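A.B. asks: Supplied in structure tokens, the structure appears directly below.
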Amino acid sequence: MSQTKRAWKLQEFVAHGNNVNCVALSKKSGRVIVTGGEDRKVNLWIVGKPNCLMSLCGHTTPVESVRFGHEEEMVVAGSMSGALKVWDLEQAKIMRTLTGHTSSIKSLDFHPYGDYCTSGSLDCNVKLWDIRKKGCIYTYRGHKNGVNCVRFSPDGKWIASAGEDGIVKIWDITAGKILTDLTYHTGPVNIVEFHPNELLLASGSSDRTVKFWDLENFNMVSTTDGDSTPVRNILFHPEGTCLFSGTKDLLKVYSWEPSKCYDSIPVNWGEVADIAIGHNQLIGTSFSQTNVSTFVVDLKRVQPFGGIPHQEGGSNLSSSRNKFITERPPTQSSRQASVPKEDVEEPTQDKEDQDNDSFEIANPEDYREIFRPKSRLSHSPTRPVEPFQPPPDDGDMEPVRQPAPTRSNRTTKSSNKLPAKPVAKPSPRAPEEDKSGISPEDFLPKGGGNEGYTGLGKMPSEAEAFTTLSSGHEAMAKVLAHRSKNLQIVRAMWTSGNTKTAVDSAISMKDPSVIVDLLNVLNLKSGLWSLDLCSCLLPQVQDLMDSKYDSYVTAACEALKIILRNFGPVIKSNLTAPPSQGVDISREERYRKCRQCYENLSIIRSKVAQRGGTPEKVGQLLREIQILMASMD
């Protein structure tokens, strides 16, 4: 059965000690992963292996964006503070710390010739950096909101930037100015990619479309039909024959002249973070909390590379569009001529460029195999790289996890191997020393007199101990069964297509855990939010902000971020708009909802201010909400 599998989950592993913020695959081989997390570390992994290859330390704030060099010889990472660090993986050392952005880095890319990199930030700016001279060469200003993605053109002469404002901008590096704005998207643009050869650009957006742009006349060539979810990642095939588009749990293959979908492959990767191609396989990766997952799609079983050929439309190979000139300039002076001489910013230093940087190699053998192959003779044999094989059956592959080793679970495993050998039970009066650090007394009832076992009195019988333990279990089982029943009711309404009815039903149950589950779904599908849902759910979010459970507060904070970003301007504009002439029932209803939302947000704002000193992730979320709340003034 595995012979016909087109996509499967390869592995899942714990990548960081705290939440993962970003993941990137190496584009050259697709076999190395770099991750950045809340723990301020940058970790490298080999696809298919559960152990960390190396860990790069030095950032003083969470890492928000990572990117490999084109030859996998470098890694650049951007942090929440706006600082960049560039590591040389072959020499195992930090190359540069670059500062200049005033807010979090959202995207990074290396110049095709390796001497420069570019960054896009929440401060709305795009910067071009000279890695050798340790400074910012030019700052490109023009986006009205954060920059989600930046990419160099294959010839290294242009930078494309995708903005939260829904605009794609093309910048001329040599002239230091904007060439054009591409403005047909109706939502934030999440990703842009240049065609590897032709003067063509693709952009993927939260408006659920991929658009193709001719870079000779800067006109739109075509657009895809709307997907059911936002487009998170796109990638041209290395030969330029098609484009892969990653959305929620789905991979699509497109052509652009004419626009058509070759194939659609379900992949259970959630919100895909990055994709790469190697050995006739597409590798995808995604992350959730502290875990990173990798997925494989067999391109030999995907149209137009395999299976039944698509009979409609033409082939993109016949395009007469001009191509990028991608030969590397022969001299240093010619490379230098491709960047602007003016507006050179002085190199800056900050506390990140001190003695905090470190380079920890956890697996020296794999490190030498991947990052130091140049030390071998050219005719030396190298380890063959084989395609990943699908799991042996059609069921979900058991993810590769790394449980923390303890003496207790090792003892359990060894005892399972010898079931036939009788084991003597220790005396209750003289128990053996428990090396696990857990005492059985912690789980037994404690009371006065002769009731219960206090460690000095009477040991309860087996029946008494079982009754005590089962009573708590039965209570918890009833709670979970009731919660499951409620969720099934909400799900039935949700799948019928009536989101508002499902939300009202969940609210009427007066169960905070159901509300949290519902918010977690809505937070993943931000396009489902509406002003109506905001007015319904903000009172519930207000209550969750007082919860003692961090998971409840986190879900509430994530919902608040979406509400403030997407509906904050709407609420403010409706409340400050002059009164309309005559009777406008729809406007009055909208005003009532906005007023209700504003009142709830005002109460939540005071709660956020009271919890301002909260540490770790919740504290960071609260600080972000305070910043977003300021826009409501």
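Note that the numbers count up from 1, one per residue, in the order the chain is shown.
Every residue gets a Cβ built from N, Cα and C, even glycine.
Keep in mind that this is a model prediction, so the values were computed, not measured.
According to TrEMBL:
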COMPBIAS  313-337  compositional bias 'Polar residues'
COMPBIAS  343-358  compositional bias 'Acidic residues'
COMPBIAS  405-417  compositional bias 'Polar residues'
COMPBIAS  446-455  compositional bias 'Gly residues'
REGION    306-458  region 'Disordered'
REPEAT    13-45  repeat 'WD'
REPEAT    56-97  repeat 'WD'
REPEAT    98-139  repeat 'WD'
REPEAT    140-181  repeat 'WD'
REPEAT    182-223  repeat 'WD'
A.B. asks: Would you mind splitting the repeat 'WD' (140-181) into helix, strand and coil residue counts from DSSP?
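C.D. replies: Across the repeat 'WD' (140-181), DSSP assigns the residues as follows: 0 helix, 24 strand, 18 coil.
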A.B. asks: When DSSP states are grouped into helix, strand and coil, how many residues of the repeat 'WD' (98-139) land in each?
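C.D. replies: Within the repeat 'WD' (98-139) the tally stands at 0 helix, 24 strand, 18 coil.
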A.B. asks: In terms of Cβ proximity under 8 Å, which residues at least six beyond the ends of the repeat 'WD' (140-181) contact it?
C.D. replies: 103, 106-113, 118-128, 187-197, 201, 203, 205, 207, 213, 215, 218, 324-326, 337-340, 342-343
A.B. asks: What residues in the same chain, six or more past the boundaries of the repeat 'WD' (182-223), come closer than 8 Å to it by Cβ-Cβ distance?
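C.D. replies: For the repeat 'WD' (182-223), the far contacts come to 145, 148-149, 151-154, 158, 160-170, 229-236, 238-240, 243, 245, 247, 254, 256-259, 319, 321-324, 326, 526-527.
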A.B. asks: So, by DSSP, how many helix, strand and coil residues make up the repeat 'WD' (182-223)?
C.D. replies: 0 helix, 24 strand, 18 coil
A.B. asks: Mind checking how the repeat 'WD' (13-45) divides into helix, strand and coil residues in DSSP?
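C.D. replies: Across the repeat 'WD' (13-45), DSSP assigns the residues as follows: 0 helix, 18 strand, 15 coil.
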